[in-house]
Amino acid sequence: MINHSISPIRFQEKDSDEASKKIVAVLYEGKKYASLNPKFLGCTENALGIREWLQSKGHEYVVTADKEGPNCELERHIPDMHVLISTPFHPAYMSEERIKKAKNLKLLLTAGVGSDHIDLKAAAAAGITVAEITASNVVSVAEDELMRILVLLRNFLPGYRQICNGEWDVAAQCYRAYDLEGKTVGTVGCGRIGRELLKRLKAFNCNLLYHDRFSMGEKFEKETGAKWEENLQEMLPKCDVIVINVPLTEKTKCMMNKELLRKLKKGAVIVNNARGAIMDRDAVVEALESGHLAGYGGDVWYPQPAPKDHPWRSMAYHAMTPHVSGTTIDGQVRYSAGVKVVLDKFFRGESFPEEYYIVKEGKLASQYL
């Protein structure tokens, strides 16, 4: 692993009222691609674009991709770091054990959306603030979900592989390719990403359903044509396409198990860009092998990075990638800017935008309760 540690440079004439802090960022490595786009901010080499700014304020900034095992780079910095920045794409798992070691830790910050890599109850008990850059990659993920729906319904990937392999067999692709128009699409969860997806799907003349704890209201339903389904088990059999848009919590972990998958219409497809652990891993494989599911696509796995022998890598009719949907270049620009805003407020002792908080003053945000 490459360690991009930055030695502290302190300029006492600037912001001398702020005590120096140690900020650690765990990001994925950009490798040979890091220098190819100046906006590729989410990698270790480009460090969210805040390296010089933090140095100018006299703070120590350590950036690394090495996050696993007792001898990793992250582990060495846990006892004295004040802030840990991580992303959903290369998450630094902060267990209760690690949190107990972090005696100086005040802020756990997710550059992106989703803080399930953190033991939130342990963070709350320790008085640590947990925040994320809410809405920074909502559009990125919603667009990706729409893309995967089309890839699965049109049976795109077998045709692509044919061309790469020098083949040409129209029938092999088209015998299971369908239009999106007229299909029933249901989102499990209708937060920011779910709502953006439904807005985009309206143009495809689909029948749109959503399951959430509450109705999104008459105005939203009129704008999108979507209908609230209070009972998930009643919604699933109606859908040709299911999209998972709930956060990973104790309640949603392995929620989509064998029992719920059996309730799906035979030949349905699932798109999951939320979290891999929401699904029963082996039940998904079994449903695809049996033909009950026609396809499964997404970019989230458990754990991440996914091991080489993860069964989703080789299962039939999948459209899986590494966790990339929320880390487009545009998404990186947004969440990097948000990280700077949060850190600046943290240094000044000011509150963040309320929607950024996941744990505040020992209390968890409602979606994690």
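Keep in mind that glycine also has a Cβ here, set from the backbone N, Cα and C atoms.
TrEMBL: automatically predicted annotations, no manual curation.
Per TrEMBL, the features are as follows:
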type	residues	note
DOMAIN	53-143	domain 'D-isomer specific 2-hydroxyacid dehydrogenase catalytic'
BINDING	V113, N137	substrate binding site
DOMAIN	147-325	domain 'D-isomer specific 2-hydroxyacid dehydrogenase NAD-binding'
BINDING	R192, I193, D212, P247, L248, T249, E250, K251, N273, D299, H323, V324, S325, G326	NAD(+) binding site
SITE	R275	site 'Important for catalytic activity'
SITE	H323	site 'Important for catalytic activity'
Other Cβ atoms within 10 Å is the metric here; tell me which of the binding-site residues V113, L248 scores highest. V113
Secondary structure content of the domain 'D-isomer specific 2-hydroxyacid dehydrogenase catalytic' (53-143), with strand meaning DSSP E or B: 30 helix, 19 strand, 42 coil
Lowest local Cβ density among R192, R275, H323, which the record lists as recorded positions, within 10 Å: R192
List of residues, in chain order, with Cβ under 8 A from that of D212 (NAD(+) binding site) and at least 6 apart: G189, C190, G191, G194, W228
Rounded distance in angstrom between the Cα atoms of V113 (substrate binding site) and N273 (NAD(+) binding site): 12
Quick one: among the binding-site residues N137, N273, S325, which has the most Cβ atoms sitting within 10 Å of its own Cβ? N137
Hey, how far is N273 (NAD(+) binding site) from N137 (substrate binding site), Cα to Cα, in Å? 12
Starting from the Cβ of E250 (NAD(+) binding site), draw a 10 Å sphere and report how many other Cβ atoms land inside it. 9
